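In what follows, a structure is listed as structure tokens, so that the remarks can point back to it.
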Amino acid sequence: MDERIMLYSEQKDRWTRYVIVILGCWLIFTPLTFTSQSRTLYWNDILCGILLVTFGFYALNTRHTWAPWVCAAIGVWLQFAPLLFWAPDALTYLNETLVGSLVIIFSILIPGVTVQNQTFGNPIPEGWSYNPSSWPQRAPIIALGFVCWFSSRYMASYQLGYLNHIWDPVFDNGTLKVITSSVSKAFPISDAGLGALAYTIETLTGFKGGIKRWYTMPWAVIFFGVLVIPVGLTSIILIMLQPILVGYWCFWCLLTAFCMLAMIALTVDEVAATLQFLSQSTKSGNSFWKTFWKGGEPLLNERDASIITYGCLDKCLSMVKGVGLPWNLALSALIGITLLFSKSFLSFGDETTAPYILGALITTISIISVAEVIRSFRYLNMGLGLCLIASTWFLKEFTPLSLALTCGMGIALILLCIPRGKINETYGSLNHWIL
């Protein structure tokens with residue numbers, strides 16, 4: 001990249017370092033100005049403030065490239081400290097999490113935007129029909145991250161003692177019973193607060209980089225993908241298994257789980273484009289790790305992004321490029337959801353857990369398979385359909401009605417995996433993997 005562009009970007013972004021210093025001063029004087037009910041958090045704020053002022057000034061020197069990352073780490077700690085030390089009042093929790101988010105934004109998110117905008121190269125990957133890193137593509141992911149964050153923070157506020165009542169619009173006191181259950185209390189900190197922390201990092205990472213970040217910042221895309229996909233899948237499965245683990249449903253937990261499923265389906269294309277780019281770059285003789293951390297130059301794409309113009313409707317439609325909902329996947333997801341709520345609708349025995357487990361897996365696979373680039377994942381439901389049928393042979397809790405329904409749903413699930421559904425976009429060398 002042109003050194004002049006780098007120098008211009010560094011000079012233009014110097015103001016963000018002064019903002020970090022100001023935020024550090026804010027942290028120092030907040031506990032001195034307002035009464036703090038926790039001596040630990042009192043000194044934590046002062047110490048973090050001093051560190052931010054120190055490393056904020058260090059970051060003014062462009063040779064200290066590590067200093068902004070130290071500031072970002074302090075920002076993450078400020079998100080975590082109110083949970084670890086059980087902040088006694090909502091003001092302390094709000095102040096530290098808000099300042100922590102701002103520190104992350106001004107230390108590593110805003111700096112470098114100029115460089116991203118000045119980078120030459122087509123933003124559309126080779127052989128692709130759209131850009132998975134475009135802002136219309138990332139906007140719904142960020143919005144869903146905010147929904148997850150608000151839901152988790154609402155539950156965390158009750159766990160931390162800031163609310164006297166928590167509302168569940170569907171399952172009566174289900175949310176209350178879940179977040180005060182023995183499973184939840186087994187965590188040394190608020191598990192909902194930990195979720196809010198994770199969703200904060202996810203949402204902020206969604207803002208990192210420009211519309212070409214799939215090849216200019218591969219590390220950011222992969223880090224974002226790790227937060228959303230494997231970590232998200234784990235939390236989704238645990239949430240969907242709440243009837244087994246806790247014995248109750250939680251509306252806010254389910255809302256978070258389904259938002260996360262949508263986030264995964266919308267995220268995988270950008271991760272796939274980045275992995276495709278890293279593979280092509282390595283085959284061309286470039287260092288994998290250098291490309292991973294510093295980016296590189298993409299292969300030429302015959303599709304010229306400069307001539308593409310979007311109207312209002314086109315921008316809305318471009319938010320869901322790479323995602324489609326074929327009828328067979330919709331029915332597969334319906335089978336999974338039916339199994340999840342089988343205790344309410346069907347006549348399974350009270351001790352039967354197989355329908356819940358299989359329902360959670362079927363629902364998850366069906367929804368994430370709406371992403372065209374991983375449409376082949378739907379074949380996993382064939383194995384789950386066989387497991388569903390086999391469960392009627394090995395478990396004794398099934399009634400005759402539930403036996404017939406389970407076998408029927410298992411057979412239907414297997415058959416629903418056969419149609420691929422319409423693929424509207426192209427994905428270069430990944431096309432032959434979409435079966």
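Note: Cβ is positioned from N, Cα and C throughout, glycine not excepted.
The annotation domain 'SPW repeat-containing integral membrane' is assigned in TrEMBL to 15-107, 327-416. What TrEMBL records for 140-267 is domain 'Vitamin K epoxide reductase'. Taken from TrEMBL, the feature transmembrane segment applies to 15-34, 41-60, 66-86, 98-115, 135-156, 217-240, 246-268, 325-342, 354-374, 379-395, 401-418.
Recorded stretches compared: 66-86, 135-156, 379-395, 401-418; the one with the most Cβ pairs under 8 Å to the transmembrane segment (246-268) is 135-156. Highest Cβ pair count under 8 Å relative to the transmembrane segment (354-374), across stretches 66-86, 98-115, 217-240, 401-418: 217-240.
Stretch with the most C-beta contacts under 8 angstroms to the transmembrane segment (379-395), considering only 41-60, 217-240, 401-418: 401-418. Long-range neighbours of the transmembrane segment (325-342) within the same chain, counting only residues 6 or more positions beyond its ends whose Cβ lies under 8 Å from a Cβ of the stretch, are 240, 348, 355-356, 358-367, 369-370, 378, 381, 388, 402, 409, 412-413, 416-422.
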